[in-house]
Structure formats: structure tokens, C-alpha cells
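For reference, the structure discussed in these notes is given below.
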Amino acid sequence: MKAIAVKRGEDRPVVIEKPRPEPESGEALVRTLRVGVDGTDHEVIAGGHGGFPEGEDHLVLGHEAVGVVVDPNDTELEEGDIVVPTVRRPPASGTNEYFERDQPDMAPDGMYFERGIVGAHGYMSEFFTSPEKYLVRIPRSQAELGFLIEPISITEKALEHAYASRSAFDWDPSSAFVLGNGSLGLLTLAMLKVDDKGYENLYCLGRRDRPDPTIDIIEELDATYVDSRQTPVEDVPDVYEQMDFIYEATGFPKHAIQSVQALAPNGVGALLGVPSDWAFEVDAGAFHREMVLHNKALVGSVNSHVEHFEAATVTFTKLPKWFLEDLVTGVHPLSEFEAAFDDDDTTIKTAIEFSTV
């Protein structure tokens, strides 16, 4: 079968041939439909994130997948089920407490593999196998865009944890600010638009000039575009308003600190970006004082698990059709897979199609 991989010492994905996998007991064989491309894939290709499977000279890419079960094997799945796989798997050392209690998304770095990212091959292949417990059934109507379920699930977890930090008191947020107008930021903005919290004012930070398709989406969602070149995060309260909730998806280290200044009293920020090392000066006293005297919180969040994928299938049904159409700017066949990795100002979200239902 064909697969898309990055090889050691190279910085461009290529198509390779691999044997079609055979499911072991407890696993199903899945025919891949589509696999999304995101910033993590670009980081893995560039060598800035992730790692190769032990003893292998390549890593099959892809962690945002949707497929159809072709061989249920000895599982309770059925042939024809549309499924989305989760990402984390036990490391080479075997299972650990996080996997044993079915919370692999809470495992610290080094205590897991991630398919298509670190230590385990991903889903950019014509077929893949997976244990049943890591496959989430989704409605057949979501098959075409099922590769969006994984990124939606990332925000489902972040919201769950951020909201839990405010659950000890009456918290009635009205403003939310998404930092980052990439595909994850835009998905999150759309999710906040339909969130049960009923946000009255939404904002999204970027650094692009008009005309721009992401700005068009932001404004179509009735949100305000904030250009960070004109209004840095710490100035947002003076120019717009204090924010009850902030979602950071830029990976820009200063945003973690500046978010505290932009939060309203009792507000919470969710940090999802994974930056490189960067040392800079911070008024630690002001930061500490602001957190304490105004009951603010910051929550770090990474990955997601089955319950978040299941919640994502529900959220998916609430997102406007026009939004999904505008968000996905390209679905490319395997023969033209390189186009899915293009990264320009007209590209928002892309996917590679391996087969159809």
C-alpha cells in the first residue's frame, strides 16, 4: 500500500510503499478516507517536533484521520463503520498508569507515543490498524469532513478543563478571545459561537492584512479581528474590553504572560501552543499579584481522548455549513499530496483523500 512519510535527514514528505497491515486480536483494519494536515505535521517534517519509531528510517505522517472499517476482526465494530482514531498509544516500555485508567491525554511527555508524531506511524496510508478502544464511531454524514473531529476534540478538552477551573463559583462569561487565526483558532472561534456559555462578544487575534480569508471567516462569525501588530494582547482591555476567557493557539511565549493582563477578574486562559525556548524579561511580581488578587487562572491543555472525540461529533453538527466549507480550502488526492502541505495566505485547512466511502 501507499503511504506518505518523512524520512530521516529529509525535510519533505514522500510517497512510499509499505505492506498492508494485518490486525492483531482486539484490532480492526481501517481503510483510510481522508487525513487532515495541520501545523504539527509541518513541525514534524521540519524536525522541530516528534520522533521516528525506534529502528525505522521513516515516519508515516498524519494524526487527523477518518476511515471506514473493512475488517472488524474480533472486535465489536462492524464492517462499514465510519471511525476516527485517537492519537496517543502506550510507549515502548508498555502501558502505564495513565493508559490503565484510560486517561492517556494526561500522560506527561515521554510516557506515550503519538501516531504520526512521535514513536509510532500515523494514518497517512491507504490502510491502518488500531485497537478498538482507540476508534470512535462517527455518523456516516460526517465521513467527508471527519478529519476535523480530532482538532475539534482538542478544543473540547481545553474548554472542559478551563471551565472546570471556574466551577467552584458562579461564573457567567460574556467575552472570549482566541489568539491565533489558523485552522485550530478558527475552529475554536466557531465552537465558542455555539457554546452553551452564550458568549456575547468574540475576538480573534492575527497578524494578516486584508483582504484575507481568515479575517472574512472571523467577521462572518460576528467576531472582531484584532491585529496584533496594532493592538498587542496586553493592550486589548484598553482598546476593546477585558476577556473572561482566552484561548491561546499561537505558540508565542509572550502570549501566555500577556493573557493574564488581558483577562477580566475571575477569568481563565487555556494555553495550547508549544513554543521553543525563549528567555525574556517579565514583571513576575505584577504577574503573580494579578493572578492572586483577581482570581485568574491559566490552564495548559494538550491532546484529547475518546470522550472528547465523542463530544466533538456533537459539536460538529452545530457548526455552520458555510463555515466548514470556507475552512477547508483544499482536499487533494494522493497523486497530488504535495499541494496539501502548501502553506500560503490562501490556505487554511487541507486534507489528503486516500479513498471514498
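Each Cβ is built from the backbone N, Cα and C atoms, and glycine gets one as well.
It should be emphasised that the depicted structure is a prediction, and the values quoted were computed from it without experimental measurement.
Database features (Swiss-Prot):
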type	residues	note
BINDING	ASP38, HIS63, GLU64, GLU150	Zn(2+) binding site
BINDING	THR40, HIS49, GLU114, GLU150, ASN303	substrate binding site
BINDING	ASN181, GLY182, SER183, LEU184, ARG207, ARG208, SER228, LEU272, GLY273, VAL274, SER301, VAL302, ASN303	NADP(+) binding site
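Look at GLU114 (substrate binding site): DSSP puts it in a strand. Note on the binding-site residues GLU64, GLU150: the fewest other CB atoms within 10 A surround the CB of GLU150.
Residues within less than 8 Å, Cβ to Cβ, of SER228 (NADP(+) binding site) and separated from it by at least 6 positions along the same chain comprise LEU205, GLY206, ARG207.
SER183 (NADP(+) binding site) sits 8 Å from ASP38 (Zn(2+) binding site), taking the Cα positions as reference. Under DSSP, ASN181 (NADP(+) binding site) is assigned to coil, being neither helix nor strand in the three-state scheme. Other than ASP38, HIS63, GLU64, GLU150, the residues of this chain whose Cβ falls within 8 Å of the Cβ centroid of the Zn(2+) site are, in sequence order, VAL35, GLY36, THR40, ASP41, GLY62, ALA65, VAL87, GLY116, PHE147, PRO151.
Ranked by Cβ neighbours within 10 A across all protein chains shown, the binding-site residues HIS49, HIS63, ARG207 are led by HIS63. Measuring Cα to Cα from GLU150 (Zn(2+) binding site), none of the binding-site residues THR40, HIS49, GLU114, GLY273, SER301 fall within 10 Å. Each residue contributes its Cα atom, and for ASN303 (substrate binding site) and ASN181 (NADP(+) binding site) these two points are 19 Å apart. Neighbour list (ASN181 (NADP(+) binding site), Cβ cut-off 8 Å, at least 6 residues apart, same chain): CYS204, LEU205, GLY206, ARG208, THR214, ILE215, ILE218, TYR225.
Counting other C-beta atoms within 10 Å of each candidate's C-beta, the binding-site residues ASP38, GLU114 are led by GLU114. Distance between Cα atoms for GLU114 (substrate binding site) and ASP38 (Zn(2+) binding site): 15 Å, as a whole number. DSSP classifies GLU64 (Zn(2+) binding site) as strand under the three-state reduction. Most Cβ neighbours within 10 Å, among the binding-site residues SER183, SER301, ASN303: SER183 holds that distinction in the structure as shown.
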